[in-house]
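Annotated features, as they stand in TrEMBL:
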BINDING   Asn18, Asn88, Gly98, Asn99, Asn169, Asn203, Glu221, Arg222, Gly231, Thr232  substrate binding site
ACT_SITE  Cys97  active site, proton donor
ACT_SITE  Cys97  active site
ACT_SITE  Cys230  active site, proton acceptor
Amino acid sequence: MGQAASDYPFLKGHGTENDFVLLPDLEGDTHGGLSEDEMAERVRRLCDRRAGIGGDGVLRVVRTSRMRPAELVATQGSRSEWFMDYRNADGSIAEMCGNGIRVFVRYLVDEGLVTPGLPIDVGTRDGNKTLLVEGDRVTVDLGIPQVLTATSVSIGDRTWSATNVDMGNPHAVAFVDDEETLAGLDLTRPPGHDEATYPHGVNVELVVRRGERHVAMRVHERGSGETRSCGTGAGAVLVAAAQADNAPRPATYQLDVPGGTLSLTWTEDDHVLLTGPAVIVATGRTSL
Ligand SMILES: N[C@@H](CCC[C@H](N)C(=O)O)C(=O)O
């Protein structure tokens, strides 16, 4: 009789339906021994929506001090006790995940590992992020965005000029004419983009206006495909919209995504704050 593959705990959660498999690995001894290739393969199996659990990405929850020496460079000397080791559904590593980190902190609160109502620090490959949990809402400070040289994106035979926003990870934000255009876009494949501008790929947000300080988006995420929300993408949309509107700071926008609604503020000191729900919906064990 063959030996059963060893199983390990997981949780499933989402923030405005940007969904994730969480892997508690607090001491780094459950997944920390895998090579990068083995971990990428595990992530692909977990995120598979038919043969796996299903998700836009994986959030490994690990103490910063328990990251392997080879991974420590990624923590950028983080002062946080907790590190969000994030991977996209295709197994690729990304610098940051704005919805994922909110779900990550929901897990820490539920487990009694941090205190709600007080600022919580989490390390990421884009440095330290600070979050606040207030009831069912979780706010993350996404830091200071960088607006880079304008670019363009294309879908089918249509091309739009786009705002190039670095939120720690790369984004291109394009405004389309109307709701009908937005609803009709084919996002089953990555939108065309300038490879020289985005040598490591890009997350593309397509946006329409719905009212004053109120916009809606669809998103194609690098490494995950079309998702129902994207937190860093939401931050990039805020920046592009507020710049286009010449909005005084603090500038607060409502952003509708297919999976719900997010609130965003660009503060006087240049930080982008993202607020919305973040929930855990299942827990279990798997040997995937
Ligand atoms: N869904 C995330 C973004 C995840 C990373 C992204 N796909 C990338 O490769 O940069 C979010 O909520 O920010």
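Just so it is clear, glycine is given a Cβ too, placed from its N, Cα and C backbone atoms.
Note: the substrate site is recorded as Asn18, Asn88, Gly98, Asn99, Asn169, Asn203, Glu221, Arg222, Gly231, Thr232; in the same chain, Asp56, Gly57, Ala94, Met96, Cys97, Gly100, Val219, Ser224, Thr227, Cys230, Gly233 also have Cβ atoms within 8 Å of that site's Cβ centroid. In this structure, the binding-site residues under consideration are Asn18, Asn169, and the one with the smallest number of other Cβ atoms within 10 Å of its Cβ is Asn169. In this structure, of the active-site residues Cys97, Cys230, the smallest number of CB atoms within 10 A of the CB marks Cys97. Packing around Gly231 (substrate binding site) is summarised by its Cβ count: 28 other Cβ atoms lie within 10 angstroms of its Cβ, all protein chains included. In this view, Glu221 (substrate binding site) is surrounded by 28 other Cβ atoms within 10 Å of its Cβ, with every protein chain counted. Recorded residues Gly231 (substrate binding site) and Cys97 (active site, proton donor) have their alpha carbons 7 Å apart, per Cα-Cα distance. Within the same chain, residues at least six positions away from Gly98 (substrate binding site) with a Cβ under 8 Å of its Cβ are Val140, Leu142, Met167, Cys230, Gly231, Thr232, Gly233, Ala234, Gly235, Leu274.
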